[in-house]
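Enquirer: Pasting the feature list from Swiss-Prot:
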- 1-31: signal peptide (SIGNAL)
- N74: N-linked glycosylation site (CARBOHYD)
- C82-C109: disulfide bond (DISULFID)
- S216: active site, acyl-ester intermediate (ACT_SITE)
- C270-C286: disulfide bond (DISULFID)
- N272: N-linked glycosylation site (CARBOHYD)
- E346: active site, charge relay system (ACT_SITE)
- C430-C558: disulfide bond (DISULFID)
- H468: active site, charge relay system (ACT_SITE)
- N486: N-linked glycosylation site (CARBOHYD)
- N536: N-linked glycosylation site (CARBOHYD)
Amino acid sequence: MRNSLLFFIFLPSTILAVDLIHLHDGSPLFGEEVLSQTGKPLTRFQGIPFAEPPVGNLRFKKPKPKQPWRIPLNATTPPNSCIQSEDTYFGDFYGSTMWNANTKLSEDCLYLNVYVPGKVDPNKKLAVMVWVYGGGFWSGTATLDVYDGRILTVEENVILVAMNYRVSIFGFLYMNRPEAPGNMGMWDQLLAMKWVHKNIDLFGGDLSRITLFGESAGAASVSIHMLSPKSAPYFHRAIIQSGSATSPWAIEPRDVALARAVILYNAMKCGNMSLINPDYDRILDCFQRADADALRENEWAPVREFGDFPWVPVVDGDFLLENAQTSLKQGNFKKTQLLAGSNRDESIYFLTYQLPDIFPVADFFTKTDFIKDRQLWIKGVKDLLPRQILKCQLTLAAVLHEYEPQDLPVTPRDWINAMDKMLGDYHFTCSVNEMALAHTKHGGDTYYYYFTHRASQQTWPEWMGVLHGYEINFIFGEPLNQKRFNYTDEERELSNRFMRYWANFAKTGDPNKNEDGSFTQDVWPKYNSVSMEYMNMTVESSYPSMKRIGHGPRRKECAFWKAYLPNLMAAVADVGDPYLVWKQQMDKWQNEYITDWQYHFEQYKRYQTYRQSDSETCGG
């Protein structure tokens, strides 16, 4: 409820009167009336607590709802960010530092921000969009400049909510006990969702139109909420950008999560414990007593390979009942409206961190010819692919054949692009496709986009293309902030299209349909399992050479990752000498045009009898 009592906020040149709001538990708070970067008014609330601080004996536990307060809360200051590491790899380069937390780091970090267009009016019944940030489950905060919700809120007349959740070991340590149940970051998100469902009507929000949207690990989080029966009552639609619960880095088994705890225990010099029959009580006691900075400084000790984040959601039997692939296959998820998509060059950002010998920082912004030959390309690929692929020559050869550039001459840019597509498909695009396809097959309405525009204000080198995460700038309306950025007119129009599609989806479940019943000029078709139509999101001048509506995207490559390669790994044991003979023959045929690698190999296998052994299998 609102109270007629007014609070006056004194700023250097303004005095703004703000109504006091009482939450449904009676807690009073007030925000501030501000202008968007486009000059339109809104009311902003920052730092509203939705949980008790997870400190002391609450560290690693599920969050507890915030107890009511009686003194009016001044919700005009950005909240703390959750404890996390900082990216210093490229020094003070803005392209990397823009993703670092920009407020004080603290374990006391469970707060949310609310943006309301104009003045707060409980009678408005506006659609609500709840943002979940990404960051690999090890970083991220709701207060980043790129997540500033003012422009999206006022331009599309929606309410925007952005919550913090615990990351890294603080949010995802799994010890199979109430003191560290795992998925604490997911429980944080769910508690924030419950807060929204309970209170957003007081801000003018429509409880029947709550849409979750997130990017990367935030998108994986949103899709995990689609899988969890715990979350289903508290949202209605979902948007996933460049991430999915089926991404190989998004969820891990319990035994892996438990092993990580042992490795961290040893790295922190708490003791020397074996992975066989470890004493988890001692491990948990060490972590509970440890300084937060000590935990943060050692959090990466359990990492094994590229794309392996140290602390992520786990199939705990509580929040998550089964692995994501099983849920999708059996239809055990919330069938609703889903908007999903990915970017053209998803993995290049991560490759540069993982391969410093190939992409040295000293030459990063001046060179483009980092990979000049096949030998160096294969070396880089072997440093990036997961172990279960590398341990079998046949599966490695299959991946190399799928992605090795075929057109001659092969340029350094071709080698980089092939590596990027290989890892981008595996870690991002194909998992988003998998989620979209399953949602469609089980009766949900799905819309798919593919972002292909490299922004004029992009600070990363041109050879990196359309990077992971950089659709966010357009969705939150950054190009419209002309006082700070110098985007082109076409890019401002693209940003308007992004915002309109996203807001329409939140309002009506259809990105084409405006709230007044009219439709957008460009028709975005529903995604289906046959034609797999998607909207190519780019500037208008690109369309003559590029189709507005595509099919896939990356459907052939994703069939390789999601169908062919898993079947190959499951079916083939140690292939031994027949493979080597076949490989020699393939080398001789290298200059011939082979239209279907799989067909030729299958023909060859008909005349061979594979030697079976007790050695490790490709699919093990």
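Each Cβ is built from the backbone N, Cα and C atoms, and glycine gets one as well.
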Enquirer: C286 (disulfide bond): which of the recorded positions C109, E346, C430, H468, N486 is the nearest Cα neighbour?
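Expert: Going through C109, E346, C430, H468, N486 one by one, the closest to C286 (disulfide bond) is C109.
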Enquirer: Could you tally the C-beta atoms, other than its own, that fall within 10 angstroms of the C-beta of N486 (N-linked glycosylation site)?
Expert: 9
Enquirer: Around H468 (active site, charge relay system), which of the listed recorded positions (C109, S216, E346) come within 10 Å, judging by Cα atoms?
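Expert: For H468 (active site, charge relay system), the recorded positions whose Cα atoms are within 10 Å come to S216, E346.
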Enquirer: My understanding is the cutoff is Cβ-Cβ under 8 Å with a sequence separation of 6 or more in the same chain; which residues meet that for C82 (disulfide bond)?
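Expert: For C82 (disulfide bond), the qualifying residues are A101, L105, S106, E107, C109, L110, T141, N164, Y165, R166, V167, F170, G171.
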Enquirer: Here are some disulfide-bonded residues: C109, C270, C286, C430, C558. Which one has the most Cβ atoms within 10 Å of its Cβ?
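Expert: The most densely surrounded of these disulfide-bonded residues is C109.
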Enquirer: For the recorded positions listed here (N74, S216, N272, N536), tell me which residue's CB has the most neighbouring CB atoms inside 10 Å.
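Expert: Per the Cβ count, the most surrounded site is S216.
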Enquirer: Please report how many Å separate the Cα atom of N536 (N-linked glycosylation site) from that of E346 (active site, charge relay system), as a whole number.
Expert: 15
Enquirer: Tally every other Cβ atom lying within 10 Å of the Cβ atom of E346 (active site, charge relay system).
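Expert: Here the count is 28.
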Enquirer: How big is the Cα-to-Cα gap, in Å, between E346 (active site, charge relay system) and the residue listed as 'active site, acyl-ester intermediate'?
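Expert: The separation of the Cα atoms works out to 10 Å.
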Enquirer: Is it possible to get the count of other C-beta atoms within 10 angstroms of the C-beta of H468 (active site, charge relay system)?
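Expert: Excluding its own Cβ, H468 (active site, charge relay system) sees 26 Cβ atoms within 10 Å.
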Enquirer: Sorry to bug you, but what's the C-alpha spacing from the residue listed as 'active site, acyl-ester intermediate' to C270 (disulfide bond), rounded to the closest Å?
Expert: 33
Enquirer: May I ask for the distance between N272 (N-linked glycosylation site) and N486 (N-linked glycosylation site), taken between their Cα atoms and rounded to an integer number of Å?
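Expert: Per the Cα atoms, N272 (N-linked glycosylation site) and N486 (N-linked glycosylation site) stand 55 Å apart.
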Enquirer: List only the single closest residue to S216 (active site, acyl-ester intermediate), chosen from the recorded positions N74, C430, N486 by CA-CA distance.
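Expert: Ranked by Cα distance from S216 (active site, acyl-ester intermediate), first place goes to C430.
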Enquirer: How big is the Cα-to-Cα gap, in Å, between C558 (disulfide bond) and N486 (N-linked glycosylation site)?
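Expert: Distance between the two Cα atoms comes out at 37 Å.
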Enquirer: List the Cα distance (Å, whole number) between N74 (N-linked glycosylation site) and N486 (N-linked glycosylation site).
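Expert: Distance between the two Cα atoms comes out at 35 Å.
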